[in-house]
């Protein structure tokens, strides 16, 4: 009966049904990822569910594309799922480079909260697909928005990896060992003598985590740069101006400056130890404000107007 009901819902409303299913997969994957900290065998289940989640999000977005007739990243609901798709893909790529159970532990809660927000918090009118306004009926929609969302995913992963470095090395003095190209990272001046309970996490390998954080942020920065360039070209094509200091544009530029400062610090080695890690970690909130905070104020060309809609 339950399976029959699921099939009916999947046929009637595949987008919402798959969205709920993705939420439950993440809900299952979270405790398994925590268990993997102490049991390496659980890591294979975490990767399996992460791959499944990534594929189901892709399938959901494909259904949305078919039903709406346009690329499924034109509203907040769609972009939230696209963001989680990007984060989960980045999680898998990072784990392939450095298979450490701490990586899904920091990524999955963000993915779960994002999907929960999309499923249960967003008003129904923001979940519905609608016809695009003339300015959005452009190939730049795919080129600009998808690149920006992938940049957010990469920057979030990089910031969370920096947070994990700080968490793992709590109360441990850190020293920056990276070269000007960012190869290397933090190392503890006094090696950590681990114990059997925490054995699956190699606490002396935070250098690799920091290196992956740097590389993720570098990828995100490059994508954000491309996003700003394509956005300016699209704006000129749609509205006749390259830059209008729209709140979203302004915060995207602030985010770009923020991470440019971080990369400058890493390349020049002007800062050492915890300070660049703290700087990168705080970047998570910069991205959060740029992506959600500005939009919800209901101001500018990029806004969704949710908060103002409630207040009115």
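We number each residue from 1, going along the chain as drawn.
Just so it is clear, glycine is given a Cβ too, placed from its N, Cα and C backbone atoms.
The transmembrane segment annotation in Swiss-Prot covers 18-38 (among others) and rests on sequence analysis.
Swiss-Prot lists 48-68 (among others) with the feature transmembrane segment.
Listed as Cβ neighbours of the transmembrane segment (73-93) (distance under 8 Å, sequence separation of 6 or more from its ends, same chain) are residues 19, 22, 47, 50-51, 53-54, 57-58, 60-61, 64, 103-104, 107-108, 110-111, 114-115, 117-118, 122, 126-127, 129-130, 132, 136, 141-142, 145-146, 149-150, 152-154, 156-157, 216, 291, 295, 304, 306. Residues or ranges marked as transmembrane segment by Swiss-Prot on the basis of sequence analysis: 73-93 (among others).
The transmembrane segment annotation in Swiss-Prot covers 102-122 (among others).
Per Swiss-Prot, transmembrane segment is recorded for 148-168 (among others).
Among residues of the same chain six or more beyond the transmembrane segment (216-236), those with a C-beta under 8 A of the stretch's C-beta atoms are 90, 94, 138, 140, 143-144, 147-148, 150-159, 161, 182, 242-244, 249, 252-253, 255-256, 259-260, 262-263, 280, 283. Feature annotation from Swiss-Prot assigns transmembrane segment to 216-236 (among others).
Swiss-Prot lists 250-267 (among others) with the feature transmembrane segment, giving sequence analysis as the kind of evidence.
Sequence annotations record features per position, and here Swiss-Prot assigns transmembrane segment to 279-299 (among others).
When Cβ-Cβ distances below 8 Å are used as the criterion, the transmembrane segment (250-267) is approached by residues 148, 155, 178, 180-182, 214, 217-218, 220-221, 224-225, 227-228, 231, 275-276, 279-280, 283, 286-287, 289-290, 293-294 of the same chain, each at least six residues removed from its ends. Long-range contacts of the transmembrane segment (102-122) within the same chain: residues 19-20, 22-23, 26-27, 29-30, 33-34, 36-37, 43, 46-47, 50, 53, 76-77, 80-81, 83-84, 87-88, 90-91, 94-95, 156-157, 160-161, 163-164, 168, 201, 209, 306, each at least 6 residues beyond the stretch ends and with a Cβ under 8 Å from a Cβ of the stretch. Counting residues 6+ beyond its ends, the transmembrane segment (148-168) has Cβ neighbours under 8 Å at 73, 79, 82-83, 86-87, 89-91, 94, 102-103, 105-107, 110, 174, 185-186, 201, 203, 206, 209-210, 212-217, 219-224, 226-227, 231, 252, 255, 259, 274, 276-278, 280-284, 287, 290-291 in the same chain.
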